[in-house]
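Pulled from Swiss-Prot:
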BINDING   16, 17, 18, 19, 112, 516, 517, 562, 606  5-methyltetrahydropteroyltri-L-glutamate binding site
BINDING   432, 433, 434, 485, 600  L-homocysteine binding site
BINDING   432, 433, 434, 485, 600  L-methionine binding site
BINDING   642, 644, 666, 727  Zn(2+) binding site
ACT_SITE  695  active site, proton donor
């Protein structure tokens with residue numbers, strides 16, 4: 001009999017109950033007891049969903065009040081010492097302070113969970129870190145499930161993955177030195193679970209899918225030799241990529257079963273079947289835990305039946321990874337059109353699919369004939385739908401030539417024509433795109449969406465906001481202006497709503513971090529642009545000023561990364577379709593007299609595969625997509641791109657290959673350290689390193705920004721340097737925005753004056769160096785949360 005289980009379930013609730021309870025607690029409108037009660041209700045509901053569908057075990061420990069890595073850090077007692085907290089007496093208020101900061105301490109660092117759009121809190125480790133235990137929440141959740149008569153299977157992030165994802169701020173400290181002490185903490189956890197009669201514990205080790213050095217591979221041997229002496233059976237779970245090259249070594253570990261991801265890496269099945277010990281179970285992740293499309297159940301059954309014949313009761317079935325990454329339920333999607341809805345499966349529907357697969361294998365197809373027929377019908381509907389495949393889009397894709405991804409002239413020639421056309425000063429000043437989204441702007445958009453105001457009144461209100469933004473920029477003395485994006489709710493959804501091939505859910509929320517949830521749009525079919533999207537707005541904004549006005553677009557890779565993407569064609573193909581749609585908009589903006597066009601790609605690095613061997617293939621099609629979107633214009637039209645806070649050094653050749661005339665990047669929090677890689681690489685085009693942090697309400701001084709510009713000029717010649725904030729200003733208020741931009745313009749003018757006075761054509765230090773005031777902080781490969789504004 002094949003067993004069924006899941007690796008984890010979304011914790012937010014089908015109506016985002018956890019989010020609203022968290023935020024009420026933070027405001028002081030709910031007590032800790034009331035928040036705990038909401039959490040307990042959600043856990044019971046989610047366990048019952050699993051039990052009602054006949055799953056053999058229910059996942060416990062997958063719940064977290066903020067983040068599972070933070071909860072594990074608390075469970076182990078490894079809290080950052082700078083907070084001065086007693087792990088054994090940790091309250092929820094203190095737990096949230098670790099994630100959100102307090103008056104004395106900034107929050108723990110947050111970064112992406114592997115290559116997903118979920119964020120985790122990074123443990124802070126050093127030689128004095130201890131793992132003596134913390135609050136009993138993890139065990140209490142297992143007790144809750146057991147008290148309900150359920151077979152609980154607690155879920156833990158494994159010790160090697162935990163160390164791999166941690167950081168130390170002590171130079172040269174080897175995190176693996178903590179492994180012996182960490183394993184003692186894990187053994188105490190497993191001992192307590194054994195005492196409760198727990199049969200199986202799931203230990204997640206997705207790090208086994210990464211490029212690991214020998215010392216880290218050896219750590220698996222050490223870790224599981226130690227944990228074998230503890231009680232419950234261990235299911236070692238891998239996901240997000242293949243672990244086939246480590247299958248032989250992993251199979252020798254003293255564990256009782258393995259989970260592998262057959263959605264991301266179906267080719268690894270043979271290697272694991274060959275390596276699997278005779279006693280071990282093999283859990284196959286056959287339902288996509290990261291996307292929202294219904295599973296082709298008959299195709300999966302064709303894969304599973306030979307495995308069942310070989311393994312019998314040692315075969316387990318599961319989603320590919322935790323269902324954390326998909327919305328909770330389709331039940332509340334009342335406005336989604338019937339056809340598109342029939343193609344989708346959220347977390348609850350994926351439980352149904354899993355149940356059908358288990359029953360088909362164990363009892364025969366006849367028992368689930370109706371469900372299999374519905375699956376067949378959904379697959380046939382997608383294949384046949386005229387909404388999915390558009391002949392004109394296919395013809396246009398086939399006609400794309402290599403030359404379409406190239407500008408007419410090399411950068412050295414283009415930039416001279418652009419300088420003549422734009423007549424900008426040395427160190428031109430600009431912003432990244434968005435300006436403060438005031439309550440009035442949000443109310444206007446909401447009123448229009450609800451039908452309370454008509455299209456004409458909406459347009460008049462938005463144009464009034466644009467006029468305000470233009471006047472403020474001119475008064476500040478900025479050189480290249482933006483319209484402020486008052487009409488945009490989100491940098492992906494705004495464009496997706498105007499592109500064919502996109503759909504939108506009402507309640508398709510997934511957790512990004514903490515209480516922040518995102519509702520990604522759905523790319524279900526061939527993408528194309530039926531009509532211009534931003535041209536009228538840009539033309540109006542340009543009519544208000546003689547200074548250059550930037551057209552503002554979201555790039556094809558960011559549109560791809562921040563959506564649920566169709567799974568019936570390669571992502572590279574969808575990226576090319578997006579690129580052609582954006583290319584049309586770029587060309588129309590140029591025809592409308594827009595001389596500077598920005599194509600934002602904050603998510604470019606996020607798309608990198610987990611293994612470096614796969615990077616080149618991804619970067620090739622991703623860069624080509626950007627170039628295809630940007631290369632239809634004349635030489636004198638200047639193309640900008642923006643990338644958020646990320647580690648760029650290892651992909652600088654790809655960034656240079658994008659061939660944007662100007663790239664703006666987020667650098668102020670690293671005190672311009674991120675810029676040094678561009679200098680070492682001799683980045684050939686123009687660059688605008690951010691000179692102040694838009695995530696903070698603090699207004700930096702003129703002198704502080706001058707110091708950052710001085711440092712930037714040591715890396716990039718002033719003739720190729722732009723002056724701008726780190727990112728868009730949507731989340732800030734006008735008072736702080738105007739003050740900060742005024743200081744930024746003053747800093748640029750002061751540096752211009754110093755350069756002019758010295759007659760400098762190349763940079764030499766013009767003043768005694770002073771330490772930059774922006775403190776360097778660790779950075780990760782993420783777009784900043786200011787860009788990911790489709791959240792709530």
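Glycine too: its Cβ is placed from the backbone N, Cα and C atoms.
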Between the C-alpha atoms of residue 433 (L-homocysteine binding site) and residue 644 (Zn(2+) binding site), the distance in angstrom, to the nearest integer, is 13
Which residues does residue 18 (5-methyltetrahydropteroyltri-L-glutamate binding site) neighbour through Cβ under 8 Å, counting only same-chain ones at least six apart? 11, 12, 38, 39, 42, 65, 515
Which three-state DSSP class does residue 644 (Zn(2+) binding site) fall into? coil
At the Cα level, what's the spacing in Å between residue 644 (Zn(2+) binding site) and residue 16 (5-methyltetrahydropteroyltri-L-glutamate binding site), rounded? 28
What is the separation, in Å, between the Cα atoms of residue 606 (5-methyltetrahydropteroyltri-L-glutamate binding site) and residue 600 (L-homocysteine binding site)? 14
What whole-number Å value do you get for the CA-CA distance of residue 600 (L-homocysteine binding site) and residue 112 (5-methyltetrahydropteroyltri-L-glutamate binding site)? 20
Residue from 16, 112, 517 whose C-alpha is spatially nearest that of residue 666 (Zn(2+) binding site), among the binding-site residues: 112
Using a 10 Å cut-off on CB atoms, tell me which of the binding-site residues 517, 644, 727 is the least crowded. 517
Could you work out which of the binding-site residues (485, 606, 666) has its C-beta surrounded by the smallest number of other C-beta atoms within 10 A? 606
Using DSSP, would you call residue 16 (5-methyltetrahydropteroyltri-L-glutamate binding site) helix, strand or coil? coil
Other than 432, 433, 434, 485, 600 themselves, what residues in this chain have Cβ atoms within 8 Å of the centroid of the L-homocysteine site's Cβ atoms? 431, 482, 491, 552, 598, 642, 727, 728, 730
Just to verify a number: CA distance, residue 695 (active site, proton donor) to residue 112 (5-methyltetrahydropteroyltri-L-glutamate binding site), in angstrom, no decimals. 18
Residues near residue 16 (5-methyltetrahydropteroyltri-L-glutamate binding site) in space but at least six apart in sequence (CB under 8 A): 509, 517
According to DSSP, does residue 606 (5-methyltetrahydropteroyltri-L-glutamate binding site) sit in a helix, a strand, or coil? helix
Residue with minimal Cβ packing [other Cβ atoms within 10 Å] among the binding-site residues 112, 433, 600: 112
Surrounding CB atoms that lie within 10 Å of the CB of residue 695 (active site, proton donor), all protein chains: 17
Report, as a single number, how many Cβ atoms besides its own are within 10 Å of the Cβ of residue 642 (Zn(2+) binding site). 29
